[in-house]
Amino acid sequence: MSHQPLSCLTEKGDSPSESTGNGPPHLAHPNLDTFTPEELLQQMKELLTENHQLKEAMKLNNQAMKGRFEELSAWTEKQKEERQFFETQSKEAKERLMALSHENEKLKEELGKLKGKSERSSEDPTDDSRLPRAEAEQEKDQLRTQVTRLQAEKADLLGIVSELQLKLNSSGSSEDSFVEIRMAEGEAEGSVKEIKHSPGPTRTVSIGTSRSAEGAKNYLEHEELTVSQLLLCLREGNQKVERLEIALKEAKERVSDFEKKASNRSEIETQTEGSTEKENEEEKGPETVGSEVEALNLQVTSLFKELQEAHTKLSEAELMKKRLQEKCQALERKNSATPSELNEKQELVYTNKKLELQVESMLSEIKMEQAKTEDEKSKLAMLQLTHNKLLQEHNHALKTIEELTRKESEKVDRAVLKELSEKLELAEKALASKQLQMDEMKQTIAKQEEDLETMTVLRAQMEVYCSDFHAERAAREKIHEEKEQLALQLAVLLKENDAFEDGGRQSLMEMQSRHGARTSDPDQQAYLVQRGTEDRDWQQQRNIPIHSCPKCGEVLPDIDTLQIHVMDCII
C-alpha cells in the first residue's frame, strides 16, 4: 500500500479519474485561474454579441422563409384560379358553340327560303303586281319580320364571336391568337370587314414567375380597345336597323297610298261618267304605281344582297367556330394529357407542406423567443421600477440632507441635529456591521471554495489510493497464489526429502548393522546423535504455520482474513 501525499495530484496531470463534466472527454475545461477578470468580461461581451448576431440571422432567415412561403401560396392560389377560369371558359365556349351551330342551321334554312322567294320575285315581277293585296301584305310583313330577326341575330352573332375571341385571347392558350374586328363605315348593317388572325408565339408558363406589369397594362388596353370597338359597331348596327325600319314604314305608307289610289281607280272605272282630266290622272296613276313597285323590287334586291352578305359572314363565323372548336379540343387535350404537371403539382404541394411545417416550427421557436424576450422585458421593467424607486429615495435623501444642511446653517434646533447625528451613527454602525458580515461571508465563501478545492483533491487522491489498493490487492492475490504453489512444491519436496532421509537412515542402519564391530568409536556415535537432533529441529521449524501477520505475528486460518487483518493492522 503506497501512501501518496496531497501534492502528488498537482504533479500528476493525467490522473485516470479526471474527466470533464460537459462536452467530449478529450476536451478539458479551460483553467479559469489563468484568465484575468478583464479578459473574462471581454469573452462574455463577445459571446453576447455572437448570440445577438445569431438571433438576428435567425430572424432574417425566418422572414425569408415566410416570404418564400407566402410567394408559393400565392402562386398555388393563382394556379388554381387560372385552372378553374380556363375550365369554366372551355365549358362556356362549348355551350356557345353548340348554340351557334343550332342557330346557324336555322339561319341557313331561313336563308334558303328567302333565296327561293327572292328568285321567284326577281323572275316575274309583273306577276307579283297582279297578286292579291292580302298575299302581298303578308309577304311584306314576313319580309319585315325576317329582316329584323336577321339583323338581331347578326348583331348577337357578332357579339358572341367577339366575346369568344376575347376570352380565348385572355385564357392564355398555347396558340395565343390576337383578333381585330373593324366595322366598315359605308355598309348598311354593320358587317364584319376584316378578321385578322395574327399567330403569336407559344407561351411557356414558367413555375414561380408572374406576369410583368407592362404585359398586364398592354393586355388591359387591348381589351378596352376591342370592347370599345364592339360597342361602336353595335351602336352603328342599331342605328342602321332603325333607318331600315323607318324606310320600311315609309314603303308601307306608300303601299297603303297606292292601295287607296287603286281603290279610287276601281271606283272611277265603275262609274260611267268621267272627264278627260280624270283619264289623264288614271293614266298617270298606273305609271306611278309601277315606278313604286320597281322601287320596292330594288329594295327587295338590296335586302337580298344584304342577306347574301350575311350568309358570307355566317360562313366566316362557321370557320371561326371551327377554329374555336379546334382550340377547345387542344385545350382539352392539354388538360387531359398533363400527368407530369400533376406530379409536379403534387411535389409542390408536398414541398409546401414541408415548408408549412418548417414555418410552424420556426413560429413556435419565435413564440418561445418572444416569450423569453417578454419575460426579460418584464424583468427589465421591474428593475427599472426598482431603480426609479431607489433614485427617488436617493433624491429624497439628498433633499433631506440639503434641508438638514440648511437647518444647520440656519442653526435649527440642536435636538433635531442630535437625533440626526444619532441616526447617522446608527446607520454607520449598521453599515459597519453589514460590512463586517459581508467580509465574514466573503471569508466563509473563500474557505468553502478552498474546502471544495481540497475536497476535489482529496477525492482524486482517494481514487488514486483506491486504484493503488486494488492493484496491491491483485498483486497480493498473485503472491498468495504463488505462495500456495510454492507450499505445494515444498510439501512435495519435503515428502521426497523424508523419503530420501528414511532411505538414508535405513542405509545407515544397514551399514551400522553390517559394520557394527568396526565403528564402535564413541565420537562417531555422538555425531550421529547430534545429527538426529538437528533433523528434529528443522522439522519443527518446517511445521510453522504459513498464515501469520508479518507485523504483529498473529496466526490466521485463511488468506482472506489475513488480508483484512493486514489492512486494519497497517492502517
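For all residues, glycine too, the Cβ spot is worked out from N, Cα and C.
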Among ranges 152-157, 164-169, 176-181, 554-559, whichever one Swiss-Prot labels motif 'LIR': 176-181
Chain-internal residues near C569 (Zn(2+) binding site), provided their CB is under 8 angstroms and they sit 6+ positions away: C549, K551, C552
Those residues of the chain, 6+ apart, with a Cβ under 8 Å from that of H565 (Zn(2+) binding site): C549, E554, L556
Neighbours of C549, C552, H565, C569 excl. site residues, C-beta within 8 Å of centre, Zn(2+): P550, K551, G553, E554, L556, V566, D568
Where C549 (Zn(2+) binding site) falls in three-state DSSP terms: coil
Neighbouring C-beta atoms (10 Å sphere around the C-beta of C549 (Zn(2+) binding site)): 15
Per-region confidence, the region 'Interaction with Rab8' (58-209) (mean pLDDT, whole number): 63
